[in-house]
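Participant: TrEMBL lists Glu72, His75, Lys189, Glu190, Asn193, Arg195, Gln207, His222 with the feature chlorophyll a binding site. The chlorophyll b binding site annotation in TrEMBL covers Arg77.
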Amino acid sequence: MAATMIAQRRAAFGGARQTARSVRVQAATRPVWFPGNPPPAHLDGTLAGDYGFDPLYLGQEPQTLKWYVQAELVHGRFAMLGAAGIILTSIGAKVGLGFPEWYDAGKVVVEKNNIDFPTLLITQFYLMGWAETKRWYDFKNPGSQGDGSFLGFTDEFKGLENGYPGGRFFDFMGLSRGDAAKYKEYKQKEIKNGRLAMIACLGFAAQYAATGKGPLDNLADHLADPNHVNFATNGISIPIA
């Protein structure tokens, strides 16, 4: 009996060593945000943009991780639209097209269209609430929203997986229905650009709070005198500077 217990302990110890070894090999064979450290077990590298970043282990529960993936994807897409809109309207303002800077855009729209803010807000709540409700139902039951309940659309609203609507309506060029490797590459590029755009939007807001200017004005000022116009000299980013 003692021999059996010893054998079992050796087997368990060997299994633990094998698991630790496999984790180290996994960390060495795929890029991680903190090189040399194994990623959490619940991040196995299958998700787009997975670099093992979850220091607080918020995604340990599978359903929660699934929701975080969708939340990041949607926020990244809105941020890409927002970042592009901020830059393009700023360019329009500089070339004389009469576009407002992003921080004045809401006020200008209300003033020029005679739409009071409460009306605009309620309308947005209804429209976004409807769209987000449809997205939530599709998250709970993938593919359920392609049932023809919206203007008769069926397969046009069905994609390959949650968060990637695809179909003929949203993917008229067939990018998600071609080569599987290219589809995976597109997903990776989208989430990386979405993350960059979220950081950019945060930076635009922070710079406006610090300087009261838009991104192009900030860039021009910095290029004109990079040693004296930067994040360390605006009096906000580093208060003691």
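Cβ from N, Cα, C; glycine included.
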Participant: Counting Cβ atoms within 10 Å of each candidate's own Cβ, which of the binding-site residues Asn193, Gln207 comes out highest?
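Facilitator: Output for this query is Gln207.
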Participant: Around Glu72 (chlorophyll a binding site), which residues of its chain at least 6 apart sit with Cβ under 8 Å of its Cβ?
Facilitator: Ile191, Gly194, Arg195
Participant: If you measure Glu190 (chlorophyll a binding site) to the residue listed as 'chlorophyll b binding site' at Cα, how many Å is it?
Facilitator: 8
Participant: Just how many other Cβ atoms lie inside 10 Å of the Cβ on Arg77 (chlorophyll b binding site)?
Facilitator: 16
Participant: Give me the largest Cα to Cα distance among Glu72, His75, Lys189, Glu190, Asn193, Arg195, Gln207, His222, the residues the record lists as binding chlorophyll a, in Å as a whole number.
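Facilitator: The widest Cα-Cα gap among those binding residues is 31 Å.
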Participant: What Cα-Cα separation, expressed in whole Å, is found between Arg77 (chlorophyll b binding site) and Asn193 (chlorophyll a binding site)?
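Facilitator: Each residue's Cα considered, Arg77 (chlorophyll b binding site) and Asn193 (chlorophyll a binding site) end up 9 Å apart.
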Participant: If one looks at the chain holding His222 (chlorophyll a binding site), which residues at least 6 apart in sequence have a CB under 8 angstroms from its CB?
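Facilitator: His222 (chlorophyll a binding site) has long-range Cβ partners Val229, Asn230.
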